[in-house]
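Student: Straight from TrEMBL, here's the annotation block:
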- A:16-404: domain 'Ammonium transporter AmtB-like' (DOMAIN)
- A:7-26: transmembrane segment (TRANSMEM)
- A:58-76: transmembrane segment (TRANSMEM)
- A:83-103: transmembrane segment (TRANSMEM)
- A:115-135: transmembrane segment (TRANSMEM)
- A:142-161: transmembrane segment (TRANSMEM)
- A:173-192: transmembrane segment (TRANSMEM)
- A:204-223: transmembrane segment (TRANSMEM)
- A:243-262: transmembrane segment (TRANSMEM)
- A:295-315: transmembrane segment (TRANSMEM)
- A:335-352: transmembrane segment (TRANSMEM)
- A:364-385: transmembrane segment (TRANSMEM)
Amino acid sequence: MRFTFPLMAIGLEVVMIVLFALFVQYDTGSNSSKANSTESPAIDVETSMDLYPHFQDVHVMVFAGFGFLMTFLRKYGFSSVGFNLLIAALGLQWGTFIQGIFHSHGQKFQIEIKSMINADFSTVAVLISFGAVLGKTSPIQMLIMTIIEITIFAANEYLVFEVFSASDIGESMTIHAFGAYFGLAVAGILYRSKLKEGHPNEESVYHSDLFAMIGSLFLWIFWPSFNSAISDNEKTQYRAIVNTYFSLAASVVTAYACSSLLESRGKLNMVHIQNASLAGGVAVGTCADMEISPYYAMIIGSIAGVVSVLGFKFLTPLFATKLRIHDTCGVHNLHGLPGVIGGLASIIIMALEKSDPVKMASQAAALGSSIATALAGGLITGAILKIPIWAQPSDEDCYDDSVYWEVPRRTEYDNRFHDLLDFTPLEREA
Amino acid sequence: MRFTFPLMAIGLEVVMIVLFALFVQYDTGSNSSKANSTESPAIDVETSMDLYPHFQDVHVMVFAGFGFLMTFLRKYGFSSVGFNLLIAALGLQWGTFIQGIFHSHGQKFQIEIKSMINADFSTVAVLISFGAVLGKTSPIQMLIMTIIEITIFAANEYLVFEVFSASDIGESMTIHAFGAYFGLAVAGILYRSKLKEGHPNEESVYHSDLFAMIGSLFLWIFWPSFNSAISDNEKTQYRAIVNTYFSLAASVVTAYACSSLLESRGKLNMVHIQNASLAGGVAVGTCADMEISPYYAMIIGSIAGVVSVLGFKFLTPLFATKLRIHDTCGVHNLHGLPGVIGGLASIIIMALEKSDPVKMASQAAALGSSIATALAGGLITGAILKIPIWAQPSDEDCYDDSVYWEVPRRTEYDNRFHDLLDFTPLEREA
Amino acid sequence: MRFTFPLMAIGLEVVMIVLFALFVQYDTGSNSSKANSTESPAIDVETSMDLYPHFQDVHVMVFAGFGFLMTFLRKYGFSSVGFNLLIAALGLQWGTFIQGIFHSHGQKFQIEIKSMINADFSTVAVLISFGAVLGKTSPIQMLIMTIIEITIFAANEYLVFEVFSASDIGESMTIHAFGAYFGLAVAGILYRSKLKEGHPNEESVYHSDLFAMIGSLFLWIFWPSFNSAISDNEKTQYRAIVNTYFSLAASVVTAYACSSLLESRGKLNMVHIQNASLAGGVAVGTCADMEISPYYAMIIGSIAGVVSVLGFKFLTPLFATKLRIHDTCGVHNLHGLPGVIGGLASIIIMALEKSDPVKMASQAAALGSSIATALAGGLITGAILKIPIWAQPSDEDCYDDSVYWEVPRRTEYDNRFHDLLDFTPLEREA
């Protein structure tokens with residue numbers, strides 16, 4: 001770890017700079033000294049800038065939303081928010097390049113605000129997968145996963161939007177389902193059988209759950225922007241915003257209801273509230289810009305909230321015990337299942353509206369492709385990460401910042417009350 | 001609580017979906033297959049979308065601002081931010097419907113970005129009332145209060161804006177004063193005489209006060225958007241933004257001064273800083289879009305900061321002891337008094353500008369109506385909530401998350417140092 | 001302190017109100033009853049309002065970003081975020097006035113959204129200097145520093161932009177380098193030799209570092225808006241946004257690499273991550289709107305990330321021991337050095353593009369002026385603050401909220417475990 005990590009990070013940054021030098025340009029205007037008005041600039045700056053508020057909202061979701069959502073782990077907050085920042089910062093550069101190259105078919109390409117939104121989107125897939133393996137990998141492994149996953153993500157994205165011409169405005173299939181199943185595949189390969197019974201550090205404490213709510217709320221608040229950012233006209237953009245707004249509201253109410261119902265004394269579970277409240281945003285993501293009335297969105301959101309909580313309650317433990325897939329953040333319940341719901345909802349709605357069967361087939365192909373490439377890509381990536389040269393933490397060292405970070409110093413007294421100070425809720429050896 | 005809460009929540013969500021199915025539509029375009037250009041679309045999407053940045057700012061205030069502002073209670077953070085989310089998610093759906101029905105006079109209606117802003121606004125009234133009863137109610141009671149209060153809120157809003165034609169751009173009277181007095185009325189009905197001397201859990205700890213500052217700052221930052229969101233032209237919108245900006249700056253400075261002055265050693269009180277710093281935003285809310293110079297706004301803000309701190313210091317204890325109204329968050333000092341100041345300021349300014357007396361009368365009617373409907377509505381709601389079937393917490397269980405939430409597990413050692421781990425500042429039995 | 005602080009604060013607010021009454025107006029329209037269309041309004045509201053999203057982003061950075069970034073100190077969180085709010089609230093009023101007076105040459109002036117952005121900018125300089133002296137001054141001293149520093153800041157800003165006609169879109173020289181060197185000068189004058197070995201309270205704890213990450217992330221997220229806010233056309237605004245986006249991404253990656261490389265076991269240091277990740281935003285600030293390809297921005301950002309970490313590791317301790325300048329937040333490493341890099345980068349780029357040597361001289365003059373006025377102003381301010389009548393905290397009381405704030409009450413038990421509850425990482429006397 002000592003040298004591998006810094007050298008790999010610096011190496012990757014150098015590669016990014018070189019690739020940008022070779023392939024990225026702003027606009028024809030900046031390269032030609034004569035402003036030739038007959039040659040239309042490649043970028044209409046004014047239209048591009050219209051998306052800036054959307055970009056800022058997505059940016060908050062990526063860096064503050066996802067970053068803090070994962071700080072629920074009591075001793076892994078630094079890594080959660082810190083590696084989120086690192087993954088996304090590297091990812092957005094690589095995503096810009098890869099997506100640009102795909103669209104320009106290997107030629108130089110330009111960057112618009114829309115490119116930046118799409119680059120941020122590509123990092124979201126990695127951050128979702130990071131959530132599945134949270135606490136069990138090294139930052140070196142995460143750098144590698146970032147590069148590989150974004151490449152496969154971009155390939156699938158191209159397939160879904162350019163080849164299948166599918167519709168997935170909120171990228172529920174291409175980002176959420178993809179990221180979740182990719183992450184689950186990696187988690188499966190990297191499964192640690194000795195941690196079958198759990199790990200003392202894999203818990204939250206009171207204040208880490210409040211930090212996580214910061215992340216959860218910012219994701220919830222800005223999801224309408226996420227689901228409408230890549231609209232190509234204001235009308236569908238507006239529809240996507242309104243549908244997402246109401247789908248999210250519905251998933252909150254049903255998530256609370258379901259969480260309470262499933263506990264013997266009716267108590268709410270913070271993990272459900274932090275995650276399942278958001279399920280409506282994912283589930284409506286594919287059809288948000290379609291001509292559906294808001295109550296369709298509310299139905300989708302209501303279902304998503306319930307499914308998500310049921311997933312946390314029953315599916316995630318099952319995955320861990322029976323399928324040997326340990327999903328730390330339960331990404332399958334927020335991004336996986338709701339992402340699939342999103343894809344299926346779009347097909348159902350098209351059927352209800354008696355759409356062209358070809359369009360329905362595109363949707364199905366998109367969903368299938370996203371899951372298939374995710375699983376395949378995740379298995380390959382998992383195999384690469386399993387090579388024992390990436391400083392993966394030992395079983396004891398999982399979910400523990402002090403492996404990678406200088407954590408504030410302790411005294412002997414603190415060592416005695418170490419758990420106390422760490423706000424441990426666990427059994428202490430006396 | 002075990003079944004009442006989930007069933008009520010799900011029931012309400014089903015009702016919302018049905019109401020939306022019956023009454024809500026996007027725009028004529030989506031219902032007619034022929035795009036008829038002579039028939040002007042009911043929604044001008046482009047103009048509607050101009051308000052999107054404003055909507056996002058208000059959205060942050062509702063969910064992150066108010067949610068975290070109330071996390072100052074040391075053992076009630078989950079409930080504060082969690083029930084804020086639930087109340088607002090249900091409330092925005094109901095508010096959309098109720099406000100829509102009022103404006104369409106019972107017909108189908110459409111949703112624009114402005115509708116979403118107004119729906120978020122309606123939830124703010126409930127969140128303010130929630131602050132008055134914070135820690136002393138069950139989530140079932142809060143679901144009921146949400147439905148009733150938003151209905152009465154919308155009725156008063158209609159009265160104030162459509163019947164009286166009053167001016168209240170920042171809804172200082174219709175949201176802030178209304179929400180505060182409604183909440184105080186409920187709190188009065190639900191008064192717990194056994195808690196006359198206070199409650200051990202009704203305190204903050206160091207980090208809960210910092211969490212609350214997150215909320216406070218986001219409210220402060222985005223208040224100019226709140227006070228200008230329902231402007232109907234850019235000129236008044238801009239005026240409201242600038243006036244709010246400076247009123248808030250002034251209330252910060254005088255709140256700090258007053259807080260320091262009122263403490264024997266000159267020390268600042270976090271409760272004052274978290275709340276009174278915001279008073280300028282409320283107090284200038286009614287006249288923010290009027291033709292006043294910024295220094296008027298600064299005077300209003302300065303006064304509001306002082307009044308708010310005086311309220312926290314002297315009025316709130318008086319309310320609790322003499323009036324038997326226990327106002328947990330001191331909403332009367334941030335929303336009540338400054339809301340009234342807002343209404344009065346608008347009348348004074350109209351008088352200074354020798355406005356039509358009819359307009360001044362409208363303002364007075366608006367203020368009177370807002371307070372009257374709030375008190376009446378609050379008393380009725382309080383009476384309903386007092387019926388002992390809503391799982392209201394016992395006196396001992398007030399201000400305690402563990403009644404409604406699974407709070408991170410403790411050990412025997414932790415139980416012994418239970419207060420310590422909860423970061424208690426209180427007397428411990430040895 | 002008991003009376004000086006409140007009286008000074010109120011006095012300053014009264015002065016602000018009077019100055020605004022005398023000099024500030026909205027627009028000619030509000031002062032003339034006849035709307036004269038031939039007389040063009042002094043403010044084009046529509047164009048002004050285009051900057052509103054930018055303004056909101058900068059506003060978040062000032063109040064939430066800087067405010068929380070400084071909460072890393074374990075016992076000084078209230079003061080960090082609280083005094084940040086006070087300084088900025090007073091500062092934006094004074095900044096609005098001073099900047100307005102400079103531009104109007106002593107006449108009445110109007111306020112636009114751009115004025116508000118510039119006023120917020122002026123407070124950033126003070127907040128940076130506050131970071132240098134964090135924990136070692138009284139709020140009275142900070143009120144004084146706010147007034148003096150903003151005045152000198154505005155004078156230098158005028159010099160740089162109006163007299164030298166230099167280019168500094170992100171104000172890396174006029175805000176960041178200026179604020180850093182001003183603060184270092186003040187810190188040098190106020191140096192406390194008895195604290196040469198450090199101070200028990202000058203440390204972070206686990207959760208204070210997470211609070212600081214909230215601030216760090218919001219600064220990182222919105223920096224593209226900061227660096228593009230004062231653009232005068234959409235094309236350069238867009239370029240500044242894109243360049244800043246990539247420069248920040250690069251500085252994250254190299255900051256992580258460098259932080260890991262410099263620690264014997266390869267561990268990351270939260271102080272580096274919280275601060276050096278942002279260095280790219282500062283360093284690209286001068287040339288962000290120039291016609292440079294994104295890879296230039298990435299090179300600048302990469303260098304800035306490394307330089308910043310090296311500064312934290314080697315320079316800051318050196319400043320404290322050899323130069324007797326104790327820089328609490330290490331502002332020299334985030335704002336000082338990267339600010340200088342920003343200025344130098346602009347000159348290098350101009351040279352590479354064979355620009356007019358006069359323009360290069362302007363840049364050099366701007367950089368020199370910013371540093372010179374900062375040092376001079378800081379020395380003078382430091383001398384004034386050194387007068388022992390401003391209730392400066394004693395050496396023992398540094399980095400301690402309880403001097404200025406009512407901190408949640410403690411019990412005898414708590415006093416025994418006082419350190420424990422404060423989450424102290426330090427040696428405890430038994």
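Including glycine, each Cβ sits where the backbone N, Cα and C put it.
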Student: With the transmembrane segment (A:364-385) as the reference, find which of A:142-161, A:295-315, A:335-352 contributes the most Cβ pairs under 8 Å.
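Tutor: When the Cβ pairs under 8 Å are tallied, A:142-161 comes out ahead.
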Student: Counting only pairs at least 6 apart in sequence, do the transmembrane segment (A:58-76) and the transmembrane segment (A:7-26) share 3+ Cβ pairs under 8 Å?
Tutor: no
Student: Please work out which recorded stretch in A:7-26, A:142-161, A:173-192, A:204-223, A:243-262 has the most C-beta pairs separated by under 8 angstroms from the transmembrane segment (A:115-135)?
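Tutor: The stretch I would name here is A:173-192.
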Student: Relative to the transmembrane segment (A:7-26), which of A:142-161, A:204-223, A:243-262, A:335-352 accounts for the most Cβ pairs at distances under 8 Å?
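Tutor: The stretch with the most close Cβ contacts to the transmembrane segment (A:7-26) is A:142-161.
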Student: Let me know the model's mean pLDDT on the domain 'Ammonium transporter AmtB-like' (A:16-404).
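Tutor: Mean pLDDT for the domain 'Ammonium transporter AmtB-like' (A:16-404): 93.
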